[in-house]
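Listed features, source TrEMBL:
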type     : residues : note
TRANSMEM : 7-27     : transmembrane segment
TRANSMEM : 39-56    : transmembrane segment
TRANSMEM : 76-98    : transmembrane segment
DOMAIN   : 109-201  : domain 'CAAX prenyl protease 2/Lysostaphin resistance protein A-like'
TRANSMEM : 110-128  : transmembrane segment
TRANSMEM : 140-157  : transmembrane segment
TRANSMEM : 163-182  : transmembrane segment
TRANSMEM : 189-212  : transmembrane segment
TRANSMEM : 238-257  : transmembrane segment
Amino acid sequence: MEKLMKTILKSIIFFVTWLVLSVLIPIPDSLDDAKWRFVAELISFAAIIIITYIFYRTDKDNIIVFPYNKSIKDLVLAILAGFIWFFLPFCLLKVFGYLEISSKNSIDMLPLWIFSAFINTIMQELLARGYIYQLIKREYNLWAASIVTTLIFTFMHGGAFEAGPIAVINVITMSLLMTIILEYSNSLVIPVIMHFIWNTFGGIIFGTVSLADDYPHLYNIKITGNQLISGGGFKMEGSIFVFIINIIMIFIVYYLYRRKKSICK
C-alpha cells in the first residue's frame with residue numbers, strides 16, 4: 001500500500017506541476033498567431049523538460065525517461081511507419097469518395113507552425129510515455145503503465161469526447177500503438193517521429209486532425225458520406241478507418257515485440 005501511495009503521489013505531483021507551469025506563465029497578446037503559438041508550445045515543452053529533470057535527479061533509482069538508440073534503420077522505419085499510419089486511412093477516405101481536397105490556403109511562417117507542432121509532440125510523448133510511464137512500469141508492470149498513461153493521453157485529447165465514441169477509441173488505440181512501439185524499439189524517438197508526422201500532415205497540411213484551435217491548415221478538406229466511415233464533421237479523427245489501421249498496426253508490432261522477446265530468451 002505504501003508503494004502504491006508513493007507512486008500515485010509522485011505521478012500526481014509530476015502532472016499537476018507540469019500543468020501549473022504550462023498555464024501560469026503569461027504570453028504577450030501583442031505577438032502574432034504563429035509566434036504566440038510557438039511561445040505557448042515552448043512553455044509547455046520547457047515545463048515538461050524541467051519537471052522531468054527534477055524528478056529524474058531526485059529519484060534514488062534513476063529512470064531512463066527518454067530511451068533511444070542510434071540506429072539509422074529504426075529512424076527510417078519510424079518515418080516510413082509514420083507516413084503509412086497517416087496516409088493509409090487518408091487515401092482510403094479519398095479513394096472511396098469520402099474525402100475531397102477543395103482548396104488551398106496561404107500560411108504565413110509555415111516552418112514555425114511545423115516546429116511548434118514538433119515540440120508539442122515531444123512534450124506529449126514525454127508526458128504520456130516519459131517519467132510517469134517508466135515509474136509505473138518499474139514499480140508495477142507494463143500493463144499498469146500502459147493503462148495509466150493511456151488515460152493521461154486520452155485526457156490530453158479531451159476534444160475527442162465531443163466527437164463521439166469512435167474518436168475516443170481512436171485516441172486510445174493511438175496511445176496503445178505508440179506504447180507498444182516504444183516497448184518494441186526501446187526508443188521514444190520513434191513514437192515522437194510517428195506522432196509528429198500524424199500531427200503535421202493531419203493538422204497543418206490537410207486539417208483532418210485537430211490540433212489547438214489556432215493552428216492553420218494548408219488545404220481545405222471536404223468530408224461527405226457515412227459519418228462512421230468519413231468521420232463527419234470531425235474528419236479522420238472520427239473515422240473507423242483510423243481505428244482499423246490502429247488495430248492492425250498494434251497487432252503487427254505486438255507480434256514483432258513478442259518474437260523479439262522470445263529470441264532474446
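Every residue gets a Cβ built from N, Cα and C, even glycine.
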Can we call the transmembrane segment (110-128) and the transmembrane segment (238-257) in contact, meaning three or more C-beta pairs below 8 angstroms at a sequence separation of 6+? no
Quick test of the contact rule: Cβ under 8 Å, at least six residues beyond the ends. What residues does that give for the transmembrane segment (76-98)? 177, 181, 185, 189-190, 193-198, 201-202, 206, 208, 223-226, 229-231, 236, 239, 241-242, 244-245, 249
Tertiary contacts of the transmembrane segment (238-257), defined by C-beta under 8 angstroms and 6+ residue spacing from its ends, are 81, 85, 88-89, 92-93, 98, 163-164, 166-167, 169-170, 173-174, 176-177, 180-181, 183-184, 227-232
